[in-house]
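Here's the structure we're looking at; comments come further down.
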């Protein structure tokens, strides 16, 4: 290769490295273009969280569901239109997701200060972190620079979001597809320490587990009887809500893992964590461990999840309104 050719190659390599670097997530991505972006998100969260602590559970679920379909690109926020009536938001796993109006409020606050700068995907990620911190949970790094996706697909949501009735094989396959492992599965399931669930997400365990009117033997019988007599009175009940971690639904702590070991997790997916030796070992470790250790490891898994399939650089767009592509 001539000296000129070598020099040209080096220039192209350097340009490529710069482009690659610019296209990555980084801490403080908006420092120059919207210096108060993260403060604005945090302020809106703090203004609402005292009156609505359940917002934290809604946002972390939204973030989880968004990242598992086409990556963390805000596609869960897109409304149906005449040209696309089959969006993620309308898929059964997302019909009970909450927080859409709140994300719109944050977006409006940001647009008033820095129009067209901060992505809806970053808003979900930042607001989730800030809401968990606001209820006393862990914090974690949120590198920013995500861009918003233009595609939202009903079928992809059905195929990729881990279901509450999933067995261990189903769960670890879906997590593995996203680059997550057994430890991430157990840690992220720990978010069930906050929030509520509709009876319809687990009533088959109470009334018709194998199709013959039976009860799931992996669910503590006393707990199941209590649910049937006091909360979910029939398999047709799709409106009643039940705390996933009774008595502390707004407290981010280790009690979820202790409930799982007592066979009192609401979902089949909770019970599934005890069906695999590696997962069970992690559940036992957290159930008997320190909150500080759990918080640190949960934070690592949340940051890892927040990097799934992100769109950066010139990929995607910055939506003007989170519910519609530009």
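Each residue, glycine too, has its Cβ placed from N, Cα and C.
Per Swiss-Prot, the Ca(2+) 2 site holds 245, 248, 253; the candidate it also names there, chosen from 193, 210, 312, is 193. Comparing Cα positions, residue 167 (N-linked glycosylation site) lies closest to 208 out of the glycosylation sites 79, 208, 238. In the shown protein chains, 23 other C-beta atoms lie within 10 A of the C-beta of residue 162 (substrate binding site). Take the Cα of residue 79 (N-linked glycosylation site) and measure to each of the recorded positions 61, 162, 208, 238: the nearest one is 61. Its Cβ taken as reference, residue 167 (N-linked glycosylation site) is surrounded by 15 other Cβ atoms within 10 Å in the chains shown. Cα proximity to residue 65 (active site, proton acceptor) (within 10 Å) is found for the following recorded positions from 162, 208, 238: 162.
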